[in-house]
Amino acid sequence: MEDRIFKKQDAFICELKQKNIKVTVCYVTVTHISVVSFSSYKMFLLKALISVEQRIEDAGKVFFGVCAPEEIFAKYKYLLKVSDACNWILLVLSCSLSLDHIFFNTVCMHVTFRDYFGEKVALYYLWLGWYTRMLVPAAVIGIVVFLYGLAFFNTSPLIHEVCDSNIIMCPRCDIRCSVWNLSDTCTYAKVSQLFDNEGTVAFAMFMAIWATLFLELWKRHRALHVSKWKVFDWCEEEEELILEIVNNPKCKPKEFSHSYLRSIVVLLLVTLVLVVIIGLTHALVICRVLTAILLSQSTWHFLRDHSSTIAMLSGAVLHYITIQVMTRVNKIVAFKLCEFEKPRSFAATEKSFTVKMFTFQFFTLFSSLFYVAFFLGRINGYPGNYVRIAGKWRLEECHPSGCLTDLFIQMAVILLLKQTINNIFEFTACREEEGNFDPCDLCKLRNWMENYDLTDVNAFSLFNEFLEMVLQFSFTTIFVAAFPLAPLLALINNIFEIRLDAIKMVSLERRLVPKKTNDIGVWTRILEVVGVMAVIANGLVIGISSDFIPRLVYRYHYGPCATSNSTSLDCMTGYINNTLATAFMSNVYIKKDFKDLIENGYNITQCSYKDYRSDENQSLTSQFWLILALRFAFVILFEHVVVMCKFIAAWFIPDSPIRVKNDRLDDKLRRLKKELDRSTEV
């Protein structure tokens, strides 16, 4: 009786009784009653009073039956009726709503979920279903782009040039690394061709426009359904005030406030967290470098020959582990920052938490990918002047066929692990929570015990589902130029995700508290930001990371088709050799970098590496500066063209269908006429 939790519960029950709410308590013994419960917390809130008919021993539990008087609901419905922003039809649902009907209704899942869980959950399924359907054309075109690269798999002159080459390449590391033949990486060159070709550029432009079309069409889709649900003009602030008035007629609204000092502190703390996350990315880079060095020194030939690839895969797995750890850390930090920020209402808290949590998760997931996309192989230096970590370990290099394959492998590993393992853990965790009571008790206390022993939920449970899907949307759009099959994997995952989420919400978790809303909230703004970032990132990936621009420059300025009228050779013949520079061992600095190689008895006078540098003094050539200028020009042109297409699409597609606008106009006219007739009668 002296327990703090008991005192808190007792105070809560006393406060309910003071508001004329009837409370019935059953100690130790409970009854078999056919009511679908609302349980979302440790105390049950039931829609009807308990009538004890059959007592069954179940020690250790106390059940509370709560029944509000009719006048409370009458006040609530009246205030909703007179409110301009909350003008909607209140639907009273039957307690006998069948869960099987909800579970098996696959055609209109969002409709039945709205009846049982409220508009907020229904809009999540409405959005998820729309997102999944919109992934179908993206997945189909992604497959076409993949097949386009596969069609030239064996005929590409670039692949033949690598596979038939006898060029000696410089060692990838300093210790126990020897020179290698370019033809040893024939398989890598073939994989690069699948994801770094002309079709990738068109697909990246399509996905950037697709993201805009998805958002614009989603706004129309949402407007159509919220209009049917009569919550088009629903206002969160008025709903909040109505609940406060019903709870306490003498209440005063919590006023808006803003503290510049508190905002500056929060901004600095958020920046500090982002710096820590970026620091973890640097740690992952160092781990990859050290792994490659250790594997290259292994006595196993397989590990030594594939040290770079294994290091890349291990880095991707380590990145996934980091994501799982930081997800929990980010959630705690975001909650603490929200508490310090002191938002006005729960809705403001939810919005602030969503923005912070998504920002932290975005940097956690994408920092490593940004390094692979834009820095890998570009800051490592060259023979005689390598960039080294702590003056000792060389940074990684890109393959002569390009760096895009490294980004593809990193994305594929993270996306597959994140989608499959997360769903498995999420589903099995709920299953483990479900089966912790006696089967006999389940038969006798089906309505109470079954709900009480389900996995607990809270106000942010739906947030986790949205976060997972929006991060997947980011993966699907931001680096799609490096991974055209990402929409296909997302589509396959979502087909199972919808069903798993339905099973979890209906059968494995306690019921979420139904809430009204007419939009997915701040997630719409986040999706718009992701769409803009997709344009920027894909433009940079194609212009900076891929070899699309260097190939165009070679084809029309340096290749055989540009320098002669001969048509017997393919225009890309000699491209790989053109991208390589030569390092001569006679150079003092180069000899110092390859000291271990020379001491081991390798009698070589020169080796090649990927860069546009002069063979004499290793200075950057004019071709490098021409390609660099064209890269930036392409990025600017790509982004302006795609952004213009996005604006045209946004202008061309109205946010609300004409039918919805006309229906709302007619509804307003009817209400005004009704009010006019009423005033005339008075």
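Note: Cβ is positioned from N, Cα and C throughout, glycine not excepted.
The domain 'Anoctamin transmembrane' annotation in TrEMBL covers 114-664.
Look at TrEMBL and you will find 134-153 (among others) tagged as transmembrane segment. Counting same-chain residues at least six beyond the ends of the transmembrane segment (134-153), those with a Cβ under 8 angstroms from any Cβ of the stretch are 159, 190, 193-195, 197, 199-200, 202-203, 206-207, 210, 213-214, 217, 476, 480, 484-488, 490-491, 494.
Using a Cβ-Cβ cut-off under 8 Å and counting only residues 6 or more beyond its ends in the same chain, the transmembrane segment (200-218) has close neighbours at 127, 130-131, 134, 137-138, 141-142, 145, 476-477, 480-482, 484, 487, 524, 527-528, 530-531, 534-535, 538-539, 541-542, 546, 548, 638, 641-642, 645-646, 649-650, 653, 655. Among the features that TrEMBL reports, transmembrane segment is placed at 200-218 (among others).
Among the features that TrEMBL reports, transmembrane segment is placed at 264-295 (among others).
What TrEMBL records for 307-326 (among others) is transmembrane segment.
The transmembrane segment annotation in TrEMBL covers 358-377 (among others).
The transmembrane segment annotation in TrEMBL covers 470-496 (among others).
Feature annotation from TrEMBL assigns transmembrane segment to 520-544 (among others). Taking Cβ pairs closer than 8 Å, the transmembrane segment (520-544) reaches residues 123-124, 127, 200-201, 204-205, 207-208, 211-212, 215, 219, 222, 350-351, 354-355, 358, 373-374, 404, 407, 466, 470, 473-474, 477-482, 631-632, 634-635, 638-639, 642-643, 646 in its own chain, all 6 or more past its ends.
TrEMBL lists 624-653 (among others) with the feature transmembrane segment. Within the chain, the transmembrane segment (624-653) has long-range Cβ neighbours (under 8 A, six or more residues past its boundaries) at 205, 208-209, 212-213, 216-217, 220, 531, 535-536, 538-540, 542-544, 548-550, 552-553, 557, 611-613.
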Touch test for the transmembrane segment (264-295) and the transmembrane segment (470-496), at least 3 Cβ pairs under 8 Å: no
